[in-house]
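In what follows, a structure is listed as structure tokens, so that the remarks can point back to it.
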Amino acid sequence: MANILLLDNFDSFTYNLVEQLRNKNSNVLIYRNTVDINTILNSIKKIRNPILMLSPGPSTPKNAGCMLNLIKKVKGEIPIVGICLGHQAIVEAYGGIIGYAGEIFHGKASLINHDGLEMFEGLPQPLPVARYHSLICNKIPKNFIINSYFNDMIMSVRNNLDYVCGFQFHPESILTTSGALLLEKIINWASLKYKG
């Protein structure tokens, strides 16, 4: 059972994500990105082996309340998982570059290619996923690897040193056919930070 602090970036998918996590027996504590960062940091300190999960949301990482500062405060200390806007914020907080995708993807099902490792091990290749975004990662930060892509677009990244990963697509969407299994594998991978 994982202990997850979920930062809600005011997205309609947030509670789909919460439901899937709770269905896998995870404890999920939710804070909106407008909450004072010190309140969130104090909560993290009280959680045993916390995983910070960053929800999807509108706009850009810079406009997502305390999210960027929160990542900068806890990176390297606890595992972090980001979805869509959360993924973009991870990339930006670690020094990567986010830019416009050139088109808007809203409810688009795409077949992505992945590396078959860690959270993607045993999943279909290519993997059908749901995409809702207008921004993408243009340059990954140091110590990150690209572990999935669609054409030339980065769809996910992973940092094996800090146990941080981000997904441009939505594992919690019904259009991501193996999404529940992928989320379970993501949480299992992030939890490895506390086993080493």
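The backbone N, Cα and C atoms fix where each Cβ goes, and this holds for glycine too.
Residues or ranges marked as active site, nucleophile by Swiss-Prot on the basis of sequence analysis: Cys84. If you look up Swiss-Prot, you'll see His170, Glu172 marked as active site, for GATase activity. Per Swiss-Prot, L-glutamine binding site is recorded for Gly57, Pro58, Ser59, Gln88, Ser134, Leu135, and the stated evidence type is similarity to another entry. Taken from Swiss-Prot, the feature domain 'Glutamine amidotransferase type-1' covers 3-196, and the record attributes it to sequence analysis.
Everything Swiss-Prot records as a feature, shown here on the structure.
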{"residue": "Gly57", "record": "L-glutamine binding site", "DSSP class": "coil"}
{"residue": "Cys84", "record": "active site, nucleophile", "DSSP class": "coil"}
{"residue": "Ser134", "record": "L-glutamine binding site", "DSSP class": "strand"}
{"residue": "His170", "record": "active site, for GATase activity", "DSSP class": "strand"}
Cys84 (active site, nucleophile) as reference: those recorded positions from Gly57, Ser59, Leu135, Glu172 with C-alpha within 10 Å of it: Gly57, Leu135
Length of the line joining the Cα atoms of Gly57 (L-glutamine binding site) and Glu172 (active site, for GATase activity), in Å: 13
Proximal but sequence-remote residues of the same chain as Gln88 (L-glutamine binding site) (Cβ under 8 Å, at least 6 apart): Thr60, Pro61, Gly82, Ile98, Leu135, Ile136, Cys137, Gly166, Gln168
Segment-level pLDDT (mean, integer) for the domain 'Glutamine amidotransferase type-1' (3-196): 95
C-beta crowding around Cys84 (active site, nucleophile), within 10 angstroms: 27
Same chain, 6+ residues apart, C-beta under 8 Å of the C-beta of Pro58 (L-glutamine binding site), given in sequence order: Asn9, Phe10, Asp11, Leu85
Largest inter-residue Cα distance among Gly57, Pro58, Ser59, Gln88, Ser134, Leu135 [record-listed L-glutamine binders, Å]: 12
Rounded Cα-Cα span from His170 (active site, for GATase activity) to Ser134 (L-glutamine binding site), Å: 14
Pairwise CA distance, His170 (active site, for GATase activity) versus Ser59 (L-glutamine binding site), rounded so that it is a whole Å: 16
Alpha-carbon spacing, Glu172 (active site, for GATase activity) to Ser59 (L-glutamine binding site), which is rounded to whole Å: 20
For Glu172 (active site, for GATase activity), the number of other Cβ atoms found within 10 Å of its own Cβ: 25
